[in-house]
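Among the features that Swiss-Prot reports, active site, proton acceptor is placed at Tyr24. Taken from Swiss-Prot, the feature active site, proton donor applies to His101, supported by similarity to another entry. What Swiss-Prot lists as substrate binding site is Asn75, His81, Asp88, Ile102, Ser103, Arg112. The annotation site 'Transition state stabilizer' is assigned in Swiss-Prot to Arg19 on the grounds of similarity to another entry.
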Amino acid sequence: MSGLVYVLNGPNLNLLGKRQPHIYGHETLADVERDCRALGKELGLEIRFHQSNREYELIDWIHEARETAAGIVMNPAAFTHTSVAILDALNTFEGTVIEVHISNVHKREEFRHHSFVSKRADGVIAGFGTQGYLLGLRRVAKLLDEAKG
């Protein structure tokens, strides 16, 4: 398996930096992508970075990742709480899955406390802002290094 990692972003994350900055901060998704690519290069990971407001596109990328990727770092956003379909897709992926949330979902509305994705995730990172993506990439890289021996 290669050092390829998919970084997948769910609905409304295209508005990062503009939507509720008091919760999600002022960094844009382009900033997150830039930082993920820079860290990926440092760690020897190839990054495929995607965002969609459509559930089926996220599922298609998960299916694509099955063939070549070592890991998925995913911020499913609102699909976290609703999507059995994304859970089912992730259950077909054999690599590492890290679930990321920019805000601490457990300090927010009750409905945000439930995650279908967590049922498959190898780890969950929440409340560290966009740094959570970088923590997720570091974890995938560490697991890859450990698997190499």
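Cβ coordinates are placed from backbone N, Cα and C, and glycine is handled just like the others.
Annotated features, which come from Swiss-Prot, shown on the structure.
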{"residue": "Arg19", "record": "site 'Transition state stabilizer'", "Cβ within 10 Å": "11"}
{"residue": "Asn75", "record": "substrate binding site", "Cβ within 10 Å": "27"}
{"residue": "His81", "record": "substrate binding site", "Cβ within 10 Å": "16"}
{"residue": "Asp88", "record": "substrate binding site", "Cβ within 10 Å": "13"}
{"residue": "His101", "record": "active site, proton donor", "Cβ within 10 Å": "23"}
{"residue": "Ile102", "record": "substrate binding site", "Cβ within 10 Å": "23"}
{"residue": "Ser103", "record": "substrate binding site", "Cβ within 10 Å": "18"}
Integer Å distance between the CA atoms belonging to Arg19 (site 'Transition state stabilizer') and Ser103 (substrate binding site): 13
Top Cα neighbour of the residue listed as 'active site, proton donor' in the set of recorded positions Arg19, Asn75, His81, Asp88: Asn75
Candidate binding-site residues Asn75, His81, Asp88, Ile102, pick with smallest Cα gap to Arg19 (site 'Transition state stabilizer'): Ile102
Secondary-structure category, per DSSP, in which His81 (substrate binding site) falls: helix
